[in-house]
Amino acid sequence: MDDHAVTDVADDAPPPRPGDADDGDQTDDGRTLGRSSLVNLAGFAVYGVANFALIVVVTRQLGEVGAGAFLTAIAVFNIAARSSMAGTDLALVRFTSRFLTRGRGAEVRHLYRVALVPVLVLSTAVGVAMVVLAEPLGRLLSSGGEGAGAPADQLATYLRVLGPFVPVAAAYQAIEGGSRGFGTMVPSVAVERLGRSVALPVLMLVVLAAGGGVTAVGLTWAGPFAVALVPISLWTAVLVRRAERAVRDRADRPAAIGRADLRHRFWAFALPRSFAGVFALTILWVDALLLGALESTEAVGVYTAATRWLIVGNFAGNAVALAFGPQIASVLARGGPDDARRLFQAATAWLVLLAWPAYLTAMVFAPYLVTAFGSGFGDGASVIAITGVGFLLASAAGPIDMLLLMAGRSRLSLVNTGVALATNIGANLLLIPHLGIQGAALAWTLSLAVANGLPAIQMWLLLRVQPLGARSLRALALTTGVGVVLVLSRIALGATMAGLLVGVALGGVLLVVGVRQAPDRMGVADVLRRAAS
(Lines of atoms letter the chains of each structure in order from A and count residues from 1; the text may use other names and numbers.)
(Lines give C-alpha, C1' and ligand atoms only; values in the text may rest on other atoms or scores of the structure.)
Protein backbone atom coordinates (compact mmCIF):
# COMPACT_ATOMS: atom_id res chain seq x y z
CA MET A 1 0.00 0.00 0.00
CA ASP A 2 1.53 3.35 -0.97
CA ASP A 3 1.60 6.56 1.00
CA HIS A 4 -1.25 8.15 -0.91
CA ALA A 5 -3.69 5.66 0.57
CA VAL A 6 -3.63 7.51 3.85
CA THR A 7 -3.17 11.05 2.61
CA ASP A 8 -6.87 11.84 2.39
CA VAL A 9 -8.42 10.46 5.51
CA ALA A 10 -11.86 11.88 4.88
CA ASP A 11 -12.29 12.77 1.23
CA ASP A 12 -16.01 12.22 1.55
CA ALA A 13 -16.26 14.95 4.18
CA PRO A 14 -17.71 18.35 3.32
CA PRO A 15 -15.28 21.22 2.92
CA PRO A 16 -14.54 23.20 6.06
CA ARG A 17 -17.09 25.85 6.89
CA PRO A 18 -15.95 29.47 6.80
CA GLY A 19 -15.70 29.53 10.54
CA ASP A 20 -13.52 26.45 10.59
CA ALA A 21 -10.70 27.45 8.28
CA ASP A 22 -9.96 30.41 6.10
CA ASP A 23 -8.46 29.17 2.88
CA GLY A 24 -7.47 32.59 1.69
CA ASP A 25 -5.59 33.82 4.68
CA GLN A 26 -2.09 32.43 4.46
CA THR A 27 -0.89 35.31 6.59
CA ASP A 28 -3.16 34.07 9.37
CA ASP A 29 -1.64 30.59 9.01
CA GLY A 30 1.79 32.10 9.42
CA ARG A 31 0.70 34.11 12.45
CA THR A 32 -0.85 31.04 14.01
CA LEU A 33 2.39 29.18 13.39
CA GLY A 34 4.32 32.02 14.98
CA ARG A 35 2.08 32.23 18.04
CA SER A 36 2.25 28.47 18.51
CA SER A 37 6.01 28.66 18.08
CA LEU A 38 6.24 31.39 20.73
CA VAL A 39 4.22 29.36 23.23
CA ASN A 40 6.26 26.28 22.45
CA LEU A 41 9.50 28.26 22.51
CA ALA A 42 8.74 29.54 26.00
CA GLY A 43 8.20 25.96 27.11
CA PHE A 44 11.26 24.69 25.28
CA ALA A 45 13.40 27.47 26.78
CA VAL A 46 12.53 26.21 30.25
CA TYR A 47 12.80 22.62 29.03
CA GLY A 48 16.26 23.24 27.61
CA VAL A 49 17.52 24.92 30.76
CA ALA A 50 16.06 22.15 32.94
CA ASN A 51 17.58 19.36 30.84
CA PHE A 52 20.91 21.12 30.81
CA ALA A 53 20.73 21.58 34.58
CA LEU A 54 20.04 17.85 34.91
CA ILE A 55 23.19 17.02 32.92
CA VAL A 56 25.26 19.42 35.03
CA VAL A 57 23.94 17.86 38.25
CA VAL A 58 24.62 14.33 37.02
CA THR A 59 28.10 15.00 35.64
CA ARG A 60 29.28 16.95 38.67
CA GLN A 61 27.84 14.49 41.19
CA LEU A 62 28.64 11.21 39.41
CA GLY A 63 31.79 12.09 37.44
CA GLU A 64 32.62 11.01 33.89
CA VAL A 65 32.27 7.26 34.45
CA GLY A 66 29.15 7.36 36.63
CA ALA A 67 27.48 9.87 34.32
CA GLY A 68 28.42 7.69 31.35
CA ALA A 69 26.67 4.64 32.84
CA PHE A 70 23.58 6.70 33.69
CA LEU A 71 23.38 8.33 30.24
CA THR A 72 23.87 4.98 28.49
CA ALA A 73 20.91 3.60 30.45
CA ILE A 74 18.84 6.64 29.46
CA ALA A 75 19.77 6.00 25.83
CA VAL A 76 18.53 2.40 26.03
CA PHE A 77 15.35 3.46 27.84
CA ASN A 78 14.54 6.22 25.36
CA ILE A 79 15.00 3.92 22.39
CA ALA A 80 12.82 1.27 24.07
CA ALA A 81 10.01 3.67 25.01
CA ARG A 82 9.94 5.57 21.73
CA SER A 83 10.12 2.35 19.71
CA SER A 84 7.15 0.83 21.50
CA MET A 85 5.20 4.07 21.01
CA ALA A 86 5.06 2.93 17.37
CA GLY A 87 4.74 6.35 15.76
CA THR A 88 1.40 7.09 17.39
CA ASP A 89 2.31 10.60 18.54
CA LEU A 90 2.67 12.06 15.04
CA ALA A 91 -0.14 9.89 13.70
CA LEU A 92 -2.46 11.30 16.37
CA VAL A 93 -1.38 14.85 15.49
CA ARG A 94 -2.02 14.31 11.80
CA PHE A 95 -5.33 12.47 12.08
CA THR A 96 -6.71 14.66 14.87
CA SER A 97 -5.90 17.83 12.95
CA ARG A 98 -7.49 16.49 9.77
CA PHE A 99 -10.55 15.19 11.61
CA LEU A 100 -11.16 18.56 13.25
CA THR A 101 -10.69 20.38 9.94
CA ARG A 102 -13.22 18.09 8.22
CA GLY A 103 -15.93 18.01 10.86
CA ARG A 104 -15.04 14.63 12.36
CA GLY A 105 -14.46 15.77 15.93
CA ALA A 106 -16.82 13.09 17.25
CA GLU A 107 -14.44 10.38 15.99
CA VAL A 108 -11.28 11.61 17.71
CA ARG A 109 -12.02 9.46 20.78
CA HIS A 110 -11.76 6.36 18.59
CA LEU A 111 -8.33 7.48 17.36
CA TYR A 112 -6.94 7.29 20.87
CA ARG A 113 -8.38 3.81 21.42
CA VAL A 114 -6.90 2.62 18.14
CA ALA A 115 -3.51 4.07 19.12
CA LEU A 116 -3.07 3.31 22.81
CA VAL A 117 -4.10 -0.34 23.20
CA PRO A 118 -1.34 -1.71 20.91
CA VAL A 119 1.17 0.71 22.45
CA LEU A 120 0.48 -0.56 25.97
CA VAL A 121 0.79 -4.20 24.90
CA LEU A 122 4.03 -3.68 22.97
CA SER A 123 5.67 -1.41 25.55
CA THR A 124 4.94 -3.84 28.38
CA ALA A 125 6.69 -6.61 26.47
CA VAL A 126 9.66 -4.33 25.75
CA GLY A 127 9.90 -3.30 29.40
CA VAL A 128 9.95 -6.93 30.54
CA ALA A 129 12.68 -7.71 28.00
CA MET A 130 14.72 -4.77 29.27
CA VAL A 131 14.62 -6.15 32.81
CA VAL A 132 15.41 -9.72 31.76
CA LEU A 133 18.31 -8.69 29.50
CA ALA A 134 19.79 -6.10 31.86
CA GLU A 135 22.94 -8.09 32.69
CA PRO A 136 24.04 -8.95 29.12
CA LEU A 137 23.18 -5.44 27.92
CA GLY A 138 25.24 -3.97 30.74
CA ARG A 139 28.27 -6.03 29.72
CA LEU A 140 27.80 -5.32 26.00
CA LEU A 141 27.49 -1.55 26.34
CA SER A 142 30.20 -0.93 28.95
CA SER A 143 33.98 -1.01 28.78
CA GLY A 144 36.47 -1.61 31.57
CA GLY A 145 36.31 -2.32 35.26
CA GLU A 146 35.30 -5.21 37.48
CA GLY A 147 33.41 -5.46 40.74
CA ALA A 148 30.23 -4.03 42.18
CA GLY A 149 31.04 -0.45 41.20
CA ALA A 150 32.03 -1.24 37.61
CA PRO A 151 30.17 0.54 34.78
CA ALA A 152 28.61 -2.75 33.57
CA ASP A 153 27.07 -3.44 36.99
CA GLN A 154 25.83 0.12 37.34
CA LEU A 155 24.30 0.01 33.87
CA ALA A 156 22.58 -3.33 34.52
CA THR A 157 21.04 -1.97 37.73
CA TYR A 158 19.80 1.13 35.94
CA LEU A 159 18.18 -1.02 33.23
CA ARG A 160 16.39 -3.21 35.80
CA VAL A 161 15.05 -0.13 37.57
CA LEU A 162 13.96 1.66 34.38
CA GLY A 163 12.40 -1.33 32.60
CA PRO A 164 9.00 -1.26 34.40
CA PHE A 165 8.57 2.38 33.41
CA VAL A 166 8.76 1.72 29.64
CA PRO A 167 4.96 1.30 29.19
CA VAL A 168 4.32 4.35 31.39
CA ALA A 169 6.67 6.51 29.32
CA ALA A 170 5.35 5.18 26.01
CA ALA A 171 1.72 5.94 26.91
CA TYR A 172 2.66 9.35 28.30
CA GLN A 173 4.67 10.37 25.22
CA ALA A 174 1.95 9.20 22.83
CA ILE A 175 -0.75 11.20 24.63
CA GLU A 176 1.46 14.25 25.19
CA GLY A 177 2.53 14.30 21.55
CA GLY A 178 -0.98 13.64 20.25
CA SER A 179 -2.45 16.54 22.23
CA ARG A 180 -0.81 18.94 19.75
CA GLY A 181 -3.26 17.76 17.10
CA PHE A 182 -5.97 19.87 18.76
CA GLY A 183 -4.13 23.01 17.68
CA THR A 184 -2.86 23.95 21.13
CA MET A 185 0.59 23.62 22.62
CA VAL A 186 -0.55 24.44 26.17
CA PRO A 187 -0.95 20.89 27.59
CA SER A 188 2.39 19.78 26.18
CA VAL A 189 4.16 22.91 27.39
CA ALA A 190 2.57 22.91 30.84
CA VAL A 191 2.94 19.23 31.70
CA GLU A 192 6.14 18.22 29.89
CA ARG A 193 8.17 21.39 29.39
CA LEU A 194 7.26 23.19 32.63
CA GLY A 195 6.28 20.27 34.84
CA ARG A 196 8.21 17.04 34.45
CA SER A 197 11.37 18.58 33.03
CA VAL A 198 11.66 21.22 35.78
CA ALA A 199 11.09 18.67 38.54
CA LEU A 200 13.84 16.32 37.33
CA PRO A 201 17.02 18.31 38.12
CA VAL A 202 15.62 19.43 41.47
CA LEU A 203 14.70 15.89 42.49
CA MET A 204 17.99 14.51 41.19
CA LEU A 205 20.02 17.08 43.12
CA VAL A 206 18.16 16.26 46.33
CA VAL A 207 18.62 12.50 45.90
CA LEU A 208 22.31 12.73 44.98
CA ALA A 209 23.03 15.20 47.78
CA ALA A 210 21.42 12.75 50.20
CA GLY A 211 23.77 10.01 49.00
CA GLY A 212 21.29 8.11 46.84
CA GLY A 213 22.70 5.14 44.94
CA VAL A 214 22.08 3.75 41.47
CA THR A 215 18.57 2.47 42.26
CA ALA A 216 17.48 5.77 43.80
CA VAL A 217 18.87 7.75 40.86
CA GLY A 218 17.04 5.53 38.35
CA LEU A 219 13.73 5.81 40.20
CA THR A 220 14.13 9.57 40.51
CA TRP A 221 14.59 9.92 36.76
CA ALA A 222 11.75 7.58 35.69
CA GLY A 223 9.16 8.27 38.41
CA PRO A 224 7.99 11.65 37.05
CA PHE A 225 6.67 9.89 33.91
CA ALA A 226 4.04 8.17 36.07
CA VAL A 227 3.12 11.42 37.81
CA ALA A 228 2.87 13.42 34.57
CA LEU A 229 0.72 10.77 32.88
CA VAL A 230 -2.25 11.72 35.07
CA PRO A 231 -2.62 15.44 34.16
CA ILE A 232 -1.81 14.97 30.46
CA SER A 233 -4.45 12.22 30.19
CA LEU A 234 -7.10 14.32 31.93
CA TRP A 235 -6.25 17.40 29.85
CA THR A 236 -6.45 15.45 26.59
CA ALA A 237 -9.78 13.95 27.64
CA VAL A 238 -11.13 17.49 28.05
CA LEU A 239 -9.94 18.38 24.54
CA VAL A 240 -11.59 15.26 23.13
CA ARG A 241 -14.93 16.13 24.74
CA ARG A 242 -14.64 19.71 23.49
CA ALA A 243 -14.10 18.43 19.94
CA GLU A 244 -17.17 16.23 20.26
CA ARG A 245 -19.35 19.11 21.47
CA ALA A 246 -18.18 21.33 18.61
CA VAL A 247 -19.74 19.05 15.97
CA ARG A 248 -22.70 17.72 17.93
CA ASP A 249 -25.24 19.98 16.21
CA ARG A 250 -23.69 20.07 12.72
CA ALA A 251 -26.18 18.89 10.12
CA ASP A 252 -23.50 18.37 7.46
CA ARG A 253 -21.40 16.03 9.60
CA PRO A 254 -19.94 13.24 7.41
CA ALA A 255 -20.70 9.58 7.97
CA ALA A 256 -18.41 8.00 10.54
CA ILE A 257 -15.45 5.97 9.36
CA GLY A 258 -15.78 2.29 10.29
CA ARG A 259 -13.60 1.05 13.13
CA ALA A 260 -11.74 -1.48 10.97
CA ASP A 261 -11.18 1.11 8.24
CA LEU A 262 -9.96 3.64 10.80
CA ARG A 263 -7.50 1.15 12.28
CA HIS A 264 -6.20 0.33 8.82
CA ARG A 265 -5.74 3.98 7.85
CA PHE A 266 -4.20 4.97 11.16
CA TRP A 267 -1.65 2.18 11.32
CA ALA A 268 -0.85 2.38 7.61
CA PHE A 269 0.46 5.85 8.44
CA ALA A 270 1.82 5.17 11.93
CA LEU A 271 3.77 1.96 11.35
CA PRO A 272 6.16 3.31 8.71
CA ARG A 273 6.56 6.37 10.90
CA SER A 274 7.27 4.18 13.91
CA PHE A 275 10.25 2.64 12.17
CA ALA A 276 11.35 6.08 10.98
CA GLY A 277 10.99 7.40 14.53
CA VAL A 278 13.04 4.53 15.93
CA PHE A 279 15.71 5.14 13.31
CA ALA A 280 15.78 8.88 14.09
CA LEU A 281 16.02 8.27 17.83
CA THR A 282 18.69 5.63 17.32
CA ILE A 283 20.70 8.18 15.34
CA LEU A 284 20.45 10.46 18.37
CA TRP A 285 21.74 7.84 20.82
CA VAL A 286 23.65 5.15 18.89
CA ASP A 287 26.89 7.11 18.99
CA ALA A 288 26.76 7.08 22.79
CA LEU A 289 26.05 3.33 22.82
CA LEU A 290 28.88 2.59 20.38
CA LEU A 291 31.26 4.85 22.29
CA GLY A 292 30.54 2.85 25.42
CA ALA A 293 31.15 -0.44 23.62
CA LEU A 294 34.18 0.61 21.54
CA GLU A 295 35.85 3.33 23.60
CA SER A 296 34.84 3.73 27.26
CA THR A 297 31.97 4.66 29.54
CA GLU A 298 33.94 7.79 30.41
CA ALA A 299 33.86 8.83 26.73
CA VAL A 300 30.06 8.50 26.78
CA GLY A 301 29.86 10.94 29.67
CA VAL A 302 32.11 13.52 28.01
CA TYR A 303 30.48 13.21 24.58
CA THR A 304 26.87 13.27 25.76
CA ALA A 305 27.45 16.17 28.13
CA ALA A 306 29.17 18.24 25.44
CA THR A 307 26.41 17.76 22.89
CA ARG A 308 23.83 19.04 25.39
CA TRP A 309 24.98 22.57 24.53
CA LEU A 310 23.80 21.96 20.96
CA ILE A 311 20.62 20.25 22.11
CA VAL A 312 19.72 23.51 23.87
CA GLY A 313 19.61 25.16 20.44
CA ASN A 314 17.79 22.18 19.01
CA PHE A 315 14.96 22.74 21.49
CA ALA A 316 14.29 26.07 19.77
CA GLY A 317 14.11 24.30 16.43
CA ASN A 318 11.79 21.67 17.86
CA ALA A 319 9.48 24.43 19.10
CA VAL A 320 8.95 25.56 15.52
CA ALA A 321 8.74 22.05 14.07
CA LEU A 322 6.13 20.87 16.56
CA ALA A 323 4.02 23.98 16.05
CA PHE A 324 4.41 23.58 12.28
CA GLY A 325 3.01 20.02 12.20
CA PRO A 326 -0.68 20.72 12.94
CA GLN A 327 -0.61 23.93 10.85
CA ILE A 328 0.78 22.29 7.71
CA ALA A 329 -1.53 19.30 8.13
CA SER A 330 -4.49 21.68 8.12
CA VAL A 331 -3.15 23.60 5.09
CA LEU A 332 -2.56 20.40 3.13
CA ALA A 333 -6.02 19.12 4.06
CA ARG A 334 -7.53 22.28 2.54
CA GLY A 335 -5.29 21.99 -0.53
CA GLY A 336 -2.98 24.57 -2.03
CA PRO A 337 0.72 23.83 -2.57
CA ASP A 338 1.45 27.58 -2.75
CA ASP A 339 0.10 28.05 0.77
CA ALA A 340 2.14 25.07 1.95
CA ARG A 341 5.28 26.52 0.37
CA ARG A 342 4.84 29.91 2.01
CA LEU A 343 4.09 28.39 5.41
CA PHE A 344 7.10 26.09 5.16
CA GLN A 345 9.44 28.94 4.25
CA ALA A 346 8.06 31.02 7.12
CA ALA A 347 8.71 28.10 9.48
CA THR A 348 12.25 27.76 8.13
CA ALA A 349 12.91 31.45 8.78
CA TRP A 350 11.67 31.14 12.37
CA LEU A 351 13.74 28.00 12.89
CA VAL A 352 16.93 29.68 11.63
CA LEU A 353 16.32 32.85 13.67
CA LEU A 354 15.86 30.85 16.85
CA ALA A 355 18.36 28.01 16.41
CA TRP A 356 21.37 29.38 14.54
CA PRO A 357 22.41 31.94 17.19
CA ALA A 358 22.34 29.21 19.85
CA TYR A 359 24.35 26.77 17.72
CA LEU A 360 26.90 29.40 16.72
CA THR A 361 27.35 30.54 20.32
CA ALA A 362 28.00 26.97 21.44
CA MET A 363 30.47 26.34 18.61
CA VAL A 364 32.47 29.55 19.05
CA PHE A 365 32.71 29.40 22.86
CA ALA A 366 32.82 25.60 23.27
CA PRO A 367 36.13 25.54 25.23
CA TYR A 368 34.60 27.74 27.91
CA LEU A 369 31.14 26.17 27.94
CA VAL A 370 32.30 22.60 28.59
CA THR A 371 33.86 23.71 31.89
CA ALA A 372 30.31 23.79 33.27
CA PHE A 373 30.47 19.99 33.57
CA GLY A 374 33.74 19.81 35.49
CA SER A 375 37.46 19.54 34.84
CA GLY A 376 37.40 16.24 32.95
CA PHE A 377 35.22 17.33 30.04
CA GLY A 378 37.64 19.49 28.01
CA ASP A 379 37.70 17.10 25.03
CA GLY A 380 34.02 17.88 24.49
CA ALA A 381 34.84 21.26 22.90
CA SER A 382 35.84 19.66 19.61
CA VAL A 383 32.65 17.59 19.65
CA ILE A 384 30.55 20.77 19.81
CA ALA A 385 32.46 22.39 16.96
CA ILE A 386 32.15 19.36 14.66
CA THR A 387 28.55 18.41 15.40
CA GLY A 388 27.43 22.04 15.27
CA VAL A 389 28.01 22.06 11.51
CA GLY A 390 25.43 19.31 11.11
CA PHE A 391 22.93 21.14 13.28
CA LEU A 392 23.34 24.32 11.23
CA LEU A 393 22.67 22.41 8.01
CA ALA A 394 19.67 20.63 9.52
CA SER A 395 17.98 23.83 10.69
CA ALA A 396 18.63 25.54 7.33
CA ALA A 397 16.58 22.77 5.70
CA GLY A 398 13.56 23.75 7.83
CA PRO A 399 11.13 21.29 9.43
CA ILE A 400 11.44 19.21 6.27
CA ASP A 401 10.71 15.78 7.70
CA MET A 402 7.55 17.10 9.37
CA LEU A 403 6.43 18.43 5.98
CA LEU A 404 7.13 15.06 4.39
CA LEU A 405 5.09 13.28 7.06
CA MET A 406 2.13 15.65 7.00
CA ALA A 407 2.05 15.28 3.20
CA GLY A 408 1.41 11.57 3.76
CA ARG A 409 4.87 10.39 2.69
CA SER A 410 5.66 8.38 5.80
CA ARG A 411 7.34 5.61 3.82
CA LEU A 412 9.74 8.06 2.25
CA SER A 413 10.51 9.30 5.75
CA LEU A 414 11.23 5.70 6.74
CA VAL A 415 13.63 5.24 3.83
CA ASN A 416 15.39 8.53 4.56
CA THR A 417 15.93 7.85 8.24
CA GLY A 418 17.00 4.28 7.45
CA VAL A 419 19.69 5.58 5.10
CA ALA A 420 20.74 8.18 7.68
CA LEU A 421 20.94 5.52 10.40
CA ALA A 422 23.04 3.24 8.19
CA THR A 423 25.33 6.19 7.47
CA ASN A 424 25.59 6.95 11.18
CA ILE A 425 26.35 3.40 12.30
CA GLY A 426 28.81 2.77 9.47
CA ALA A 427 30.64 6.03 10.10
CA ASN A 428 30.74 5.40 13.87
CA LEU A 429 32.18 1.91 13.42
CA LEU A 430 34.77 3.27 11.02
CA LEU A 431 35.73 6.45 12.86
CA ILE A 432 35.41 5.78 16.62
CA PRO A 433 38.33 3.29 16.80
CA HIS A 434 40.62 5.87 15.19
CA LEU A 435 39.24 9.24 16.34
CA GLY A 436 37.27 8.48 19.51
CA ILE A 437 34.63 11.04 20.42
CA GLN A 438 35.62 13.25 17.47
CA GLY A 439 34.82 10.31 15.18
CA ALA A 440 31.38 9.98 16.77
CA ALA A 441 30.82 13.70 16.21
CA LEU A 442 31.75 13.40 12.52
CA ALA A 443 29.40 10.43 12.14
CA TRP A 444 26.49 12.39 13.63
CA THR A 445 27.21 15.35 11.34
CA LEU A 446 27.19 13.12 8.26
CA SER A 447 23.91 11.50 9.27
CA LEU A 448 22.29 14.90 9.88
CA ALA A 449 23.26 15.99 6.37
CA VAL A 450 21.73 12.83 4.89
CA ALA A 451 18.59 12.94 7.08
CA ASN A 452 17.76 16.48 5.97
CA GLY A 453 19.17 16.50 2.45
CA LEU A 454 17.13 13.55 1.18
CA PRO A 455 13.67 14.89 2.18
CA ALA A 456 14.60 18.35 0.91
CA ILE A 457 15.27 16.90 -2.54
CA GLN A 458 12.09 14.78 -2.40
CA MET A 459 9.80 17.65 -1.41
CA TRP A 460 11.17 19.73 -4.27
CA LEU A 461 10.55 16.93 -6.76
CA LEU A 462 7.09 16.04 -5.41
CA LEU A 463 5.56 19.38 -4.39
CA ARG A 464 8.04 21.97 -5.69
CA VAL A 465 8.45 23.08 -2.06
CA GLN A 466 11.87 24.12 -0.79
CA PRO A 467 12.97 26.01 2.33
CA LEU A 468 14.72 28.99 0.76
CA GLY A 469 12.42 31.96 0.22
CA ALA A 470 12.93 35.67 0.72
CA ARG A 471 12.26 35.53 4.46
CA SER A 472 14.36 32.45 5.17
CA LEU A 473 17.29 33.82 3.13
CA ARG A 474 17.16 37.03 5.17
CA ALA A 475 17.17 34.95 8.34
CA LEU A 476 20.24 33.03 7.17
CA ALA A 477 22.09 36.24 6.29
CA LEU A 478 21.19 37.87 9.59
CA THR A 479 22.22 34.95 11.78
CA THR A 480 25.46 34.53 9.83
CA GLY A 481 26.21 38.11 10.83
CA VAL A 482 25.59 37.14 14.45
CA GLY A 483 28.15 34.37 14.01
CA VAL A 484 30.72 36.87 12.73
CA VAL A 485 30.15 39.04 15.81
CA LEU A 486 30.66 36.03 18.08
CA VAL A 487 33.93 35.11 16.37
CA LEU A 488 35.23 38.68 16.65
CA SER A 489 34.34 38.74 20.34
CA ARG A 490 36.26 35.52 20.95
CA ILE A 491 39.28 36.84 19.04
CA ALA A 492 39.25 40.02 21.10
CA LEU A 493 38.45 38.61 24.55
CA GLY A 494 39.14 34.89 24.26
CA ALA A 495 36.94 31.92 25.14
CA THR A 496 36.02 33.50 28.46
CA MET A 497 32.94 34.64 30.32
CA ALA A 498 33.63 38.22 29.19
CA GLY A 499 33.99 37.17 25.56
CA LEU A 500 30.79 35.14 25.74
CA LEU A 501 28.73 37.91 27.34
CA VAL A 502 29.98 40.60 24.94
CA GLY A 503 29.47 38.37 21.90
CA VAL A 504 25.95 37.38 22.92
CA ALA A 505 25.01 40.97 23.76
CA LEU A 506 26.30 42.45 20.49
CA GLY A 507 24.94 39.54 18.47
CA GLY A 508 21.55 39.99 20.12
CA VAL A 509 21.53 43.68 19.23
CA LEU A 510 22.37 42.85 15.62
CA LEU A 511 19.59 40.27 15.52
CA VAL A 512 16.96 42.66 16.90
CA VAL A 513 18.01 45.51 14.61
CA GLY A 514 18.10 43.20 11.61
CA VAL A 515 14.59 41.91 12.28
CA ARG A 516 13.27 45.45 12.75
CA GLN A 517 14.86 46.60 9.48
CA ALA A 518 13.52 43.68 7.43
CA PRO A 519 10.68 44.66 5.03
CA ASP A 520 8.11 42.54 6.89
CA ARG A 521 10.07 42.39 10.18
CA MET A 522 10.26 38.63 9.56
CA GLY A 523 6.63 38.36 10.69
CA VAL A 524 7.69 38.90 14.32
CA ALA A 525 5.68 42.09 14.89
CA ASP A 526 2.44 40.50 13.70
CA VAL A 527 2.96 37.46 15.87
CA LEU A 528 3.76 39.47 19.00
CA ARG A 529 0.78 41.78 18.42
CA ARG A 530 -1.59 38.86 17.90
CA ALA A 531 -0.13 36.97 20.86
CA ALA A 532 -0.75 39.96 23.13
CA SER A 533 -4.34 40.43 21.96
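Indices start at 1 and increase along the chain as displayed.
The backbone N, Cα and C atoms fix where each Cβ goes, glycine too.
TrEMBL annotations:
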| type | residues | note |
| --- | --- | --- |
| REGION | 1-30 | region 'Disordered' |
| TRANSMEM | 38-58 | transmembrane segment |
| TRANSMEM | 70-93 | transmembrane segment |
| TRANSMEM | 114-135 | transmembrane segment |
| TRANSMEM | 221-240 | transmembrane segment |
| TRANSMEM | 266-286 | transmembrane segment |
| TRANSMEM | 306-325 | transmembrane segment |
| TRANSMEM | 346-370 | transmembrane segment |
| TRANSMEM | 382-407 | transmembrane segment |
| TRANSMEM | 414-435 | transmembrane segment |
| TRANSMEM | 441-463 | transmembrane segment |
| TRANSMEM | 475-492 | transmembrane segment |
| TRANSMEM | 498-515 | transmembrane segment |
Contact check, the transmembrane segment (441-463) vs the transmembrane segment (382-407), 3+ Cβ pairs under 8 Å, seq sep 6+: yes
Selected stretch (most C-beta pairs under 8 A with the transmembrane segment (70-93)) from 266-286, 346-370, 475-492, 498-515: 266-286
Same-chain residues at least 6 beyond the ends of the transmembrane segment (266-286) whose Cβ lies under 8 Å from its Cβ atoms: 1, 3, 5-6, 75, 78-79, 82-83, 85-88, 90-91, 94-95, 111, 114-115, 118, 401, 405, 408, 410-411, 413-414, 416-418, 420-421, 424-425, 428, 444, 447, 451
Dominant neighbour of the transmembrane segment (498-515) in 114-135, 221-240, 414-435, 475-492, by Cβ pairs under 8 Å: 475-492
Sequence-remote partners of the transmembrane segment (414-435) [C-beta within less than 8 Å, at least six residues beyond its ends]: 272-273, 275-277, 279-280, 282-283, 286-287, 290-291, 294-295, 401, 404, 442-444, 446-448, 450-451, 454-455, 458
Same-chain residues near the transmembrane segment (475-492), Cβ under 8 Å, at least 6 residues beyond its ends: 348-350, 352-353, 356-357, 360-361, 364-365, 396, 499-500, 502-504, 506-507, 510-511, 514-515, 518, 522
